[in-house]
Amino acid sequence: MGSQHLPLAALYLLELLVTSCLGGLKVEVQGLTMRLSGSGSRCQGRLEVSNGTEWYAVHSQSWGQLSLYQVAPRQFLKLCQELQCRDPLLLSSSRYFKEVQFQKLIICHGQLGSFSNCSLNRGRQVDSLALICLEPPRTTAPPTTSPPTTTPEPTAPPRFQLVAEPGGLRCAGVVEFYSGGLGGTIGIEPQNDIKDLGQLICAALQCGSFLKPLPETEEAQTQKPEGQRPLPIRWEIQNPKCTSLEQCFRKVQPWVGGQALGLICSDFQPKVQSRLVGGSDVCEGSVEVRSGKGQKWDTLCDDSWAKGTARWEEVCREQQCGNVSSYRGLDPSEKTLGGFYCPPGILSRCHKLEEKKSHCKRVFVTCQNSSRAGLGAGAVMSIILALLLLAVLLVVCGPLAYKKVVKKFRQKKQRQWIGPTGMNQNMSFHRNHTVTVRSQVENATASHVENEYSQPPRNSQISAYPALEGALHRISTQPDNSSDSDYELHGAQRL
């Protein structure tokens, strides 16, 4: 048996020797089919060819290229064109794409992109060749999914976005412009006049009017909330006096490092807040400021306090006081150690308070009407409307209520009790001093009586003094808990 295996082993060794000397078996790839695999895209992936029966990966050292990174893209343009792709981008090893285990490799020689002289590689497993080309333009409708937040729909109207520094202001920052599916910042030159353009941008963002350009030191610190820097410059100013956004800018090649357009609009938030402390009331004292709610109050340092009253007039209005009465810088002996400084001008236009470590000079401001201003227009109108409503109610409901009260009082006066008034059974009469027996023919309705017991009903056998007769009857009989008197029963019910 061992003697039979020796010729086979010798034949195998001879085949390996021939392969190593000749570079492998020659593979016929006439009428080849070419594809890119491992990426899911037909224009990027591992380069593979087929002769109609089997697919082969192309060796990364094909065509004698020791460094494929230095290959000019035009040299493998033909490969991209045969794959029905656009311009070539990269030809390199396929380490970035998924490899297929035990796939056969071919190594080709001659002109780059030619498969006329290829042989099967039987050496150790090496990287295959990868090709990346530009995708062809889409001919189908765009997907219905919404685009990323940084890039609007191609059909969306032009728009702006302000990118502020972390924790920065609203309506202030670096301007990003989006139009036709392209988004980026706007490059400017020092000589550019952006006042009119700034008005257009602030109005489009509903941020009021243009206030001033964003200082370069702050512009360099701006970054997106996600932690990314603003987009690269892709636009430049074409017409600073434009009235339509489409006419303002033109596209440029993306570049980083230039100065991008940044601005501050008048409606920036939060605004600087002020108060007066150390005086007799809230309308008098030295000025303190802070940059929004939740921030600490500190002294306003102002060395230019004698240049105008506009800043102090605004401070008085914010305290809901009258006009400024006087203002003065405090004596040098009263200087504080530090505080906040803001450039000259009204505080509502000061977008950032700068800290001053020393030599901070305070300003003492006195406003007119040291007490709080009177009621506002809204409160006065509310009081007037309330008084008018009360007058209408009195006119409409007053007479009716008066009549009801008078009627109730008269009824109470007429219903006075005639009969025993206490435990001693004393008599109480509400009658005239004399009683006149009226004839039956007299018209009872023609005479006025003071109460309903002035005379008995007609054709009645009841006495004119039933209460008196009842009292005499009780005296003559033994007292008990029962009573035959209608008046006593009536009295008990009333009590």
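Positions of Cβ are set from backbone N, Cα and C atoms, glycine also.
As annotated by Swiss-Prot, compositional bias 'Polar residues' applies to 475-484.
Per Swiss-Prot, domain 'SRCR 3' is recorded for 274-368.
Residues or ranges marked as N-linked glycosylation site in Swiss-Prot: N51 (among others). Cβ contacts within 10 Å of N51 (N-linked glycosylation site), excluding its own Cβ and spanning all protein chains shown: 17.
The N-linked glycosylation site annotation in Swiss-Prot covers N117 (among others), and the record cites sequence analysis as its basis.
Among the features that Swiss-Prot reports, N-linked glycosylation site is placed at N323 (among others), with the record citing sequence analysis. Cβ neighbours within 10 Å of N323 (N-linked glycosylation site), excluding its own Cβ and spanning all shown chains: 12.
Secondary structure at N369 (N-linked glycosylation site), taken from DSSP and collapsed to helix, strand or coil, is coil. Sequence-distant neighbours of N369 (N-linked glycosylation site) (same chain, 6+ apart, CB under 8 A from its CB) are C283, C321, G322. The N-linked glycosylation site annotation in Swiss-Prot covers N369 (among others) and rests on sequence analysis.
Here Swiss-Prot flags S439 (among others) as phosphoserine.
Annotation source Swiss-Prot lists phosphotyrosine at Y453.
Positions annotated as phosphoserine by Swiss-Prot, on the basis of similarity to another entry: S460 (among others).
Taken from Swiss-Prot, the feature phosphoserine applies to S483 (among others).
As annotated by Swiss-Prot, phosphoserine applies to S485 (among others), with the evidence given as similarity to another entry.
The annotation region 'Disordered' is assigned in Swiss-Prot to 475-495.
The signal peptide annotation in Swiss-Prot covers 1-23 and rests on sequence analysis.
As annotated by Swiss-Prot, transmembrane segment applies to 373-402.
Residues 320-322 of the same chain lie 6+ residues outside the transmembrane segment (373-402) yet bring a C-beta within less than 8 angstroms of a C-beta in it. If you draw a 10 Å sphere around the CB of N117 (N-linked glycosylation site), it holds 14 other CB atoms from the protein chains shown. DSSP assigns N117 (N-linked glycosylation site) to coil in the three-state reduction, outside any helix or strand. The CA atom of N323 (N-linked glycosylation site) is located 96 Å away from the CA atom of N117 (N-linked glycosylation site).
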